[in-house]
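Q: Have a look at this one before I ask anything.
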Amino acid sequence: MDQLFASIHATGQSLLGYYWPLVWNLVKIIAVVAPLMGAVAYLTLWERKVIGWMHVRHGPNRTGPAGLLQPIADGVKLLLKEIVVPAKSSKALFVIAPIMTIMPALAAWAVIPFGPETVLADVNAGLLFVMAITSLEVYGVIVAGWASNSKYAFLGAMRASAQMISYEIAMGFVLVIILMVTGSMNLTTIVNTQNTGRFAEMGLTFLSWNWLPLLPMFFIYIISGTAELNRHPFDVVEGESEIVAGHMVEYSGMSFAMFFLAEYANMWLISIMATLMFLGGWTSPIDMAPFTWVPGWIWLGLKTLMVVTMFIWFRASFPRYRYDQIMRLGWKVFIPLTLVYLLIVAIWMKTPWNIWN
């Protein structure tokens, strides 16, 4: 594979000369964004199928074989729908808000590694970059609610922004703990450090991953990620019985769809981040045949799909929280817990039982 890429790079350099680096970067961006958009589209089908199975029904099964063309039909339908801009809205901000929401969700994938050498930008501060870029999404939500000139949209935006900012703090402390135990913010290095230790030497790699010693932080990260996404059971932002679609209530057509594209792209992002930080990334759970025969990118995909399916399971199983319960959970439970565990890990690393040496 490396020889193939080297050959392509040399051929492109000889043909395009000075412009080749720009063209090559565009090719790499398309190679990440195009499959991501396909994964986002088919995640909607997977969600409807899984919830259908949990409800003892089939889910979408009429459009194409086994309903496989349903996401394409939904996309065509949304493309053909009219985008209505409310008469008394702030038109420029109303149009920009969906773009402000989806751009950070896509930009964060620049530093996500899909293998030991497969990453768009292998930066040393990858963990910090993801946290910083995803924090910008709250601005799109606030702008959408304010520009719509609707009390329901504005209330939904205020709820969303407060909820997202609150749970970002707990997620931030979890990332600090990951930084402490791995000694790096580079996501590739974080994966590699989980493939060492006594259990890894025995071939039981899955016991050397961070999920075991940092199990409470793994759960806090997943639950905080659910709240960050404004998904059930933390979806009071768009509670059907209260404020309908929240900050998206005045949107239609593709502008409405862009908010959902951002949500599902973030579902994949949070899931793959959980896989990289806690579940060993692309490494095999058992370092022996036949597990080692499976390519690393398949292991990465399977683990990420497992975490994504957890989000869907939450939606199908749990009742919605009240807004005050959501804020209490974030501020009075998760933030103190992460601070205490931060101290515990710091002391643990100074003892002879430090497992991260």
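Every residue, even glycine, has its Cβ placed from backbone N, Cα and C.
From a predicted model like this one, the values you see are computed outputs, not experimental measurements.
According to Swiss-Prot:
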type     : residues : note
TRANSMEM : 26-46    : transmembrane segment
TRANSMEM : 92-112   : transmembrane segment
TRANSMEM : 127-147  : transmembrane segment
TRANSMEM : 164-184  : transmembrane segment
TRANSMEM : 203-223  : transmembrane segment
TRANSMEM : 259-279  : transmembrane segment
TRANSMEM : 294-314  : transmembrane segment
TRANSMEM : 329-349  : transmembrane segment
Q: Determine which residues of the chain contact the transmembrane segment (127-147) at the Cβ level, with the cut-off under 8 Å and only residues 6 or more beyond its ends counted.
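A: Contacts with the transmembrane segment (127-147): 89-91, 93-94, 96-102, 104-105, 107-108, 110-112, 153-158, 160-161, 164-165, 168, 171-172, 175, 178-179, 185-187, 190, 228, 246-248, 251, 259, 262, 266, 269, 273.
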Q: Is the number of Cβ-Cβ pairs under 8 Å between the transmembrane segment (164-184) and the transmembrane segment (203-223) three or more, considering only pairs separated by 6 or more positions?
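A: The transmembrane segment (203-223) and the transmembrane segment (164-184): touching, yes.
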Q: Which one, 26-46, 92-112, 203-223, 259-279, 294-314, has the most C-beta pairs under 8 Å toward the transmembrane segment (329-349)?
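A: Between the stretches 26-46, 92-112, 203-223, 259-279, 294-314, 203-223 has the largest tally.
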Q: Using a Cβ cut-off of under 8 Å, list the residues of the same chain at least 6 residues beyond the transmembrane segment (259-279) that approach it.
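A: Sequence-remote neighbours of the transmembrane segment (259-279) are 36-37, 39-40, 43-44, 98, 101-102, 105-106, 108-109, 112-113, 130, 134, 137, 140, 144, 175, 178, 187, 190-191, 209-211, 214, 217-218, 221-222, 225, 228-231, 247-248, 251, 300, 303-305, 307-308, 311.
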Q: Can you work out which residues elsewhere in the same chain, 6+ from the ends of the transmembrane segment (92-112), have a Cβ less than 8 Å from its Cβ atoms?
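A: Result: 32-33, 36, 85-86, 119-123, 126, 129-130, 133-137, 139-141, 143-144, 146-148, 187, 250-251, 255-256, 258-259, 261-262, 265-266, 269, 272-273, 276.
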